[in-house]
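Working notes for the structure below.
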Amino acid sequence: MSTATQPVEDVKKTSLQNKDQNHKQKKSLPSFMKAAFSGRIDHKLIFPFPEPSKEELEEMDSFLQEFDKFCKQKINAMQIDEDSKIPQEVLDGLAEFGIFSLTAPEEYDGLGISNVFFCRFMGLISRHCASVSTTCGAHLSIGSKGLYLFGTEEQKQKYIPGITSGETIAAFCLTEPQAGSDAHSIRTTAKLSKDGKHYVLNGEKIYITNGAFANFFTVFAKIASENEEESGFTAFIVTRDMGGITNGKEEKKLGLKGSSTTPIVFNDVQVPVENVLGEPGKGFKIAMEILNLGRLGLAAACAGGVKRLVDEGVRQAAERKQFGSPLSSFGLIQKKIARMGALCYAMNSSVLLTAGLADTKEIDFSIESAICKIFTTESTWEIINETVQIFGGNGFIADFELERALRDTRVNMIFEGTNEILRLFIALTGIKDFGNYLKNVGKALNKPLKSMDVIIEYLSTKVIRSIAKEKFDNVNSLLSTEIKVVEKYIALLNHVAEKHIKMYKKDIIHQQFLLERMANMAIYIYVLAACISRIDTQMKKGKTAEDLKHDLECLRMFGEMAREQLEYNYNGINSNYDDSITKISNHMCEQQKYPFKVWD
């Protein structure tokens, strides 16, 4: 047995006990951040920090060590970027290694790895080549995950074998020319044939990763009625052999040049009715659940991939001398390096915590995965920018590879939902349940005799929180400074949410400046809490402050960074220049140019 296949067999043999199962609808799954918006601290959801067993960790390490060797031998990121193509031998090698089967359920000859394992994999492959990482991520996560989660037994039996072997490459088709972040605006239609055996699919999708060579597509369309009125946002399994599918030319991109990105056109494609994925009309929910996992995978790619940039920056600072001393001896360079280290620590903590939440299959991690996506993509952008700065002029030269990393990194803040849209998602999802609760309280107040239990619950909660704020349980005292920051701002986030839900009611969805600040508070609350959980769990397992002194320094620094952002966003709710933003923007957009003259 080759060294390439041995780790695969090891994973199959012992299993990580994280089999993907047929998706089942669950109601009101607990969520740490949804609770936080309501002013509650659901301590048990994020403590202790998730950790694989010794056996599981050995399996992961064995597989990833062998795969790291493969990447070093076979993947030339610079050549892939120059050629704008991943060599077929690399794709064949990935298939032989079993990479395309990583996320498929074990009962269909997949490896069924955990989300924690998948995040570590994405981090590793991203360190070698962002284009290969994007290609694999699109296949393993958003391209095929809908089938694994929502597919029927017949669909799985039919399509999974090809997907796991690499013979079938998967793609995710949602974005359209007129429907980017606004997925409900898609125009691709699916009309039931007269004999009721097929849906006739027509429309165009754009920016499809793996578009040139994928032959399995998870496609979202609106079912059209007899009078052509569109309704029923629905997911479909579409394969290239159905005919009527064409892809346009490869997009000329700023970065990720080795990955395939094309438009896909569906022209009277005959899709069998049995290829509906999930239930007709439930496509939006399916898309969102797939994207929850996609965002986590992207966050993991950033959190792992950026370590190589940090390593490069640190080596450059240590080796490069100016004024007779290494760059690493200068305070302003030390500041950059320390901040990069603290951000990396926080990125990894939040991603692995969220992966652990996802692995339970009993926790709603939708807000948390969006937080990870925003935080890691923006932190990565900061880190690559600072790494280029440390390299000075060399950082601007293509031979040093940083310019490719800069180009490859920029799109991450657009992938899987722009960071602006995801901030609105975080805030609006966070306040949704709390808003419904307040609405029920309002109804109860109109009928106090019939709804006294609701009123008593609300008033009791208000009284309790006014006397004693919600607190975390049994966290090591060495972490008290940071835990107090999290506790304080969970209470303030709840205060802001309740105040403005009452103030704006349904119109709160239009208060984007407010929602952005609430989302930013949520981001730093969660990421800081993840760092605390990570260290507290290690301490409870016997590690001392001396053992963790460098971890604690990262926590101290990131804790202060988080506190500054929390304070800034909270204070900005009441003291800001939002009116000026609106007026300046409106004026410039009316003129459709920069309209301010120095001299007339």
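A Cβ is built for glycine as well, from the same backbone N, Cα and C atoms used for every other residue.
The structure displayed is predicted, hence computed values, not measured ones.
Per TrEMBL, the features are as follows:
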DOMAIN    58-167  domain 'Acyl-CoA dehydrogenase/oxidase N-terminal'
DOMAIN    171-269  domain 'Acyl-CoA oxidase/dehydrogenase middle'
DOMAIN    281-427  domain 'Acyl-CoA dehydrogenase/oxidase C-terminal'
DOMAIN    479-594  domain 'ACAD9/ACADV-like C-terminal'
REGION    1-29  region 'Disordered'
Residue counts (helix, strand, coil, in that order) that DSSP gives for the domain 'Acyl-CoA dehydrogenase/oxidase C-terminal' (281-427): 125 helix, 4 strand, 18 coil
Segment confidence, the domain 'ACAD9/ACADV-like C-terminal' (479-594), expressed as mean pLDDT: 97
Residues of the domain 'Acyl-CoA dehydrogenase/oxidase N-terminal' (58-167) by DSSP state, where helix covers H, G and I: 87 helix, 0 strand, 23 coil
